[in-house]
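**Q** Following this message is one structure expressed as structure tokens.
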Amino acid sequence: MIPGLPLLAAVLVAINRVLRRNRCEAGERLSSRLVLGAGLLSLALVVWADVQYLLHGSQHIMVLPWLHSGVYRASISFTLDGLSVSMSTLVAVITLLVTRFSVNYLHRDCGFQRFFIVLALFTAAMQLIALSGSAVLAFVGWELAGASSYLLIAYNWQSKTATTNATRAFVTNRLGDAGFLLGIFMAFLLFRSTEWNVMLVPQADQSSLLIGVAAFGLMGAALVKSAQFPFSAWITRALEGPTPSSTVFYGSLMVHAGIFLLLRIHPLLEQAPALQYLLLGVGLLTVLYGWLGGLAQTDIKTSLLFSTLAQTGLMLIAIALGWYGLALVHLVLHAVWRAYQFLHSPSFALHTQWQAAPAVPAWLGKRRWLHNAALQRFWLDPLADWLLVQPSVALSQEVQVFDGEILDKLSGAPGHYSGMATLADMQAMQQGRLRVESTVGTGSGLLGKLMQWLAERLEWFEHRLLLQQGGGKAKALLDTLGRYLDRIERLLTQPRYLVLLILATLVVIFQG
């Protein structure tokens, strides 16, 4: 019910928008009340879940089977433990505050209803990630959060910059999703299940290499989602959306989803020490990147974003060192503080617009190469273009040329039909008013020409040998056969013959 309430609110707002009941300013009250009401009820249920956890301890709640294929099964299940209830409470509180803040912030905005639909979808997605009892269900929330992120980055869809940045962020996150799918596949292979209570129990009989591959896939998904180095470039593009969306996505909640996933799978990481060393290195690089990049930024939201990267890098270091409780406390406190800062940033910018921006530290200004690198954000975007985007574009162009010059000429590209399509076309051709290259159509390519030749030979055989030479006798024979079949049908429809046929059938059955 906790993820279901925001999802239901999103559906209701969308239905009312389609039915034109909540368009423009007149529908703002209905839309906001639906989403706020769902948020309040969801928060109440989260508090109830917190009480249940405090009274009864950790629980794995199986709701119903979902997918079943042979020995592989996936269920809709939820986990109540210290990690899940902490994250769920954090999500419920922050999304409720941001929803209330957005009512005034987006007043009279043409995309008011659209924003609240996506915000409700994101709330449901984050609750799924927090409370899911299996990797498969968590992946559903993971994808829904990614889709919501794309929609809100491209909130001003008329702007080419917004849509380009949204696409870039979306495609980058798909790299992490591939890692998540790898982890799910390896979980099915190793454990025949993706339930957290099965996956995260140490099993001595399983290959440590395969467990490491599963952990590596999930770790990759977490690093991309939390924009850890070297996947940090996409997150600066994500500030195109409204301030409330920047708050919940890249200030407080979604940027911490990767950290949450690493905390969830830490038993797997402990079975692969090499991955812990890798996490430590990535965390150190992310802290350095966020710290130096933040010193050179000139606007408040980007500065906050680089500070967020540095803090999540510190959380990564804590996880790599095994300080899971410290990482969770750091996550919660940082998310709350960063949400306040992002929501306060428009007011802060308004009141300090006449003040000079603080200068970069003297030691950084003296090292121009380092200052320039920080200003250019260490060229991560150009490097990604050079290493990934440009080779992918070049490869796609080569494939397109190969497809057009080789495959199309062999198989024949689809084209318009150049034969006779109707009886009117046939009459027009006989009268000389229509000219077609072939009465059976024109094929292109090697296979197309071969099929055209075969169809023309069959058409010639049918027209010359059957219809013209034997057409009269064949027609008379078919008419006679048709009359006999009609007579047999009329006899069989009479009751006495129908009863006789049934009796004959019964005799055959009993004799057999």
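Cβ atoms are placed via backbone N, Cα and C, with glycine included.
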**Q** Looking at 85-103, 484-502, which stretch does TrEMBL describe as transmembrane segment?
**A** 85-103
**Q** What is the average pLDDT across the domain 'NADH-Ubiquinone oxidoreductase (complex I) chain 5 N-terminal' (66-116)?
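**A** Summing pLDDT over the domain 'NADH-Ubiquinone oxidoreductase (complex I) chain 5 N-terminal' (66-116) and dividing by its length gives 84.
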**Q** Summarise the domain 'NADH-Ubiquinone oxidoreductase (complex I) chain 5 N-terminal' (66-116) by DSSP state, stating how many residues are helix, strand and coil.
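**A** Helix, strand, coil within the domain 'NADH-Ubiquinone oxidoreductase (complex I) chain 5 N-terminal' (66-116): 29 helix, 13 strand, 9 coil.
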**Q** Going along the chain, which residues at least six beyond the ends of the transmembrane segment (247-265) come within the CB cut-off of under 8 Å?
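**A** Result: 83, 87, 90-91, 94-95, 98, 101, 119, 122, 126, 129-130, 138, 142, 145, 148-149, 152, 176, 196, 199-200, 215, 218-219, 221-228, 235, 238-239, 241, 279, 304-305, 308, 312, 315-316, 319, 324, 327-328, 331, 334-336, 338-339, 341-343.
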